[in-house]
Amino acid sequence: MKYFYIVTNRFKDPDGVNTRKIAHFLRSKGAECVCQIEQEKAFNKTGSYSDVRLVPNNTECVIVLGGDGTLIQASRELSEKDIPFIGVNIGTLGYLTDTDMSSFEETLESLLRDDYEIDRRMMLDGCIYRGEERIFSDMALNDVVINRNGALRIIDFDIYVNGEYLNTYSADGVIVSTATGSTAYSLSAGGPIIQPTARLIMVTPICPHSLNQRSIIFAADDEIMIEMKDNKSSSGRMTGSLKNDSARVATFDGESFCEVVTGDRIVITQSERISRFVKTSRISFLERIRNKM
């Protein structure tokens, strides 16, 4: 690799010290490197960490400084470029980032001599329908989450798989995740840890009001449809403003969201796009899990 683009979480590297350190190292080795924070100074751009319009067409690798969240946001926003990503963690080593600032030189040396592997991660497409109209669509690397929006009550919904009714749930919400997302919100909700390159779709209810409702794993090419129902199980117990607050929300990777109402259908399928992560670290996925225990 010779052509690099650096995306920086400005909250974790506010002065750009780490960004400049990486850029200087790459340039000293004869590589070409463009930093988004330098572009922002030139074009006075603010907002999200990454902007697909600013990425040069000859970029071979996007280096993301921050944490797992920054890497997820960059992979979503730059997915149309089909460029591999590598994460440099500023803080505690996560599940997705490959290295940190203490060992970045060794990692970049591996990239420069083409000594690396590519992990291909499945993504999800989600569409929200109100009647026959599609009102919202987005993609997710980790998960699509449907839960309550403020009110302290459970929500009711039906789940269909490939058009076949699965079950009716009363819960705080539901998480539809990829294998990559199995170590995110789904794990906190009691879901299993899954090898991240596995191709599948996992459905995990959030605090279900039943003892026998657990995570279910489906094939990658299955279609998951969630239909929102009236919150009958909780409406009788609610009074005042909470009773009138029926807002529920669908969130994609914690980044974008859309409020949903009774009758809305959220259809989730495997995306045609994938995220490609560069892997140079000798730390295996199992070792990362072991270090978290």
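Keep in mind that glycine also has a Cβ here, set from the backbone N, Cα and C atoms.
Taking a C-beta cut-off of under 8 Å and a sequence gap of six or more, Asp68 (active site, proton acceptor) has these contacts in its own chain: Gly87, Asn89, Gly94, Tyr95, Leu96, Thr97. Per Swiss-Prot, the feature active site, proton acceptor maps to Asp68; the stated evidence is sequence analysis.
Secondary structure from DSSP puts Thr183 (NAD(+) binding site) in a helix. Sequence annotations record features per position, and here Swiss-Prot assigns NAD(+) binding site to Asp68, Gly69, Asn142, Asp143, Arg153, Asp172, Thr183, Ala184, Tyr185, Ser186, Leu187, Ser188.
If you draw a 10 Å sphere around the CB of Arg153 (NAD(+) binding site), it holds 18 other CB atoms from the protein chains shown.
For the recorded site, Arg153 (NAD(+) binding site), the DSSP three-state label reads coil. Between the binding-site residues Asn142, Thr183, the minimum number of other C-beta atoms within 10 Å of a residue's C-beta occurs at Thr183.
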